[in-house]
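The feature domain 'Core-binding (CB)' is assigned by Swiss-Prot to 1-103, with sequence analysis given as support. Summarising the annotation, Swiss-Prot assigns domain 'Tyr recombinase' to 124-306 and lists sequence analysis as the type of evidence. Positions annotated as active site by Swiss-Prot: ARG164, LYS188, HIS258, ARG261, HIS284. Here Swiss-Prot flags TYR293 as active site, O-(3'-phospho-DNA)-tyrosine intermediate, drawing on sequence analysis.
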Amino acid sequence: MIASFYAFLDYLKNMKAASPHTLRNYSIDLSSLKCFLEKKGELTPTPPLSLQEDSRSSSQLSFSLFTKENIRLYLLEQIQTTHSKRTVRRRLSAIKSFAKFCVKNQWIPENPAEMIRGPRLPKELPSPLTYEQVLALMSAPDLDKVTGFRDRCLLELFYSSGLRISEITALNRSDIDFQSNLLRICGKGKKERIVPMTKVAVQWLQAYLDHPDRAAVEQDHQACFLNRFGKRLSTRSIDRKFQQYLLKTGLSGTITPHTIRHTIATHWLERGMDLKTIQLLLGHTSLETTTIYTHVSMKLKKQIHDEAHPHNLED
């Protein structure tokens, strides 16, 4: 069975063009399942699944343990060990995709996870930042350092073009058209789209790329954004710096780089941009995904209405 895990990860990488972030999540989720099944079958534990071909281990794990009952027990254990409902749902989704792949390859007769439902999540709308909060966040990086210059540029691009964090890290210098103020973005499934940049974002991007301290450490000559060692910046590094800036500005709540993507989409809608254009800019495959911002916009309008209405101001 261990070989099927690796075949699935290779399939995601080579055939589905999954991002490194997605591959890492699948590897973590399936490693967790593997560990549970090994324990259930009283087998010798093996290392987590590796994305590196030269460090992959073998196991005596059999498909006979990959049953509906064991999957249910695994999910129950996940819930009881304080994993969030969102994480458990993600892991179930990974298991279903893996099982479907195994059925397609005729390794198992049917998908044991097909009819299993994950824990329900409360319906949550993304909470966008205000324009003032966006400005506060952008002012947080220390511009005396090239890394601060880089981070200001990152924040400008997040808000300018509504990019995903994986799209930012994958950005190459050759993807930038300074004459037209456009970016060529490689999105999910390696689907390309062209997005515009604001003049402010262009100025910060040009200034960062021309920064002498950036040139002094540059090792990856293709990557747009570099870490302090001159190599391509990772999504983890961006997440870590982002959390530091949230603390510095005093912003609270569940705020991530993806929040800025939600924020600019909401701001575009509130300023009259049509949903189809927002869909194209964000790289959504389905317009249905984009319509969530109409609910966010209405929620904000209702909040403003309730706070400003004279009847609500009475004692």
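Placed from the backbone N, Cα and C atoms, the Cβ positions cover glycine too.
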Take the domain 'Tyr recombinase' (124-306) and average the pLDDT across it for me.
88
Measuring CA to CA, name the entry from the active-site residues ARG164, LYS188, HIS258, ARG261 that ends up nearest HIS284 (active site).
LYS188
List every residue in the same chain as LYS188 (active site), at least 6 positions away in sequence, whose Cβ is under 8 Å from its Cβ.
SER19, ARG164, GLY283, THR285
Using a 10 Å radius around each Cβ and counting other Cβ atoms from all shown chains, which of the active-site residues HIS258, HIS284 yields the largest count?
HIS284
Taking the Cβ of ARG261 (active site) as the centre, how many other Cβ atoms fall within a 10 Å radius?
21
HIS284 (active site) in three-state DSSP notation:
coil
Which secondary structure state does DSSP assign to ARG261 (active site), in the simple three-class scheme?
helix
Go ahead and report the DSSP secondary structure tallies for the domain 'Core-binding (CB)' (1-103): helix first, then strand, then coil.
72 helix, 0 strand, 31 coil
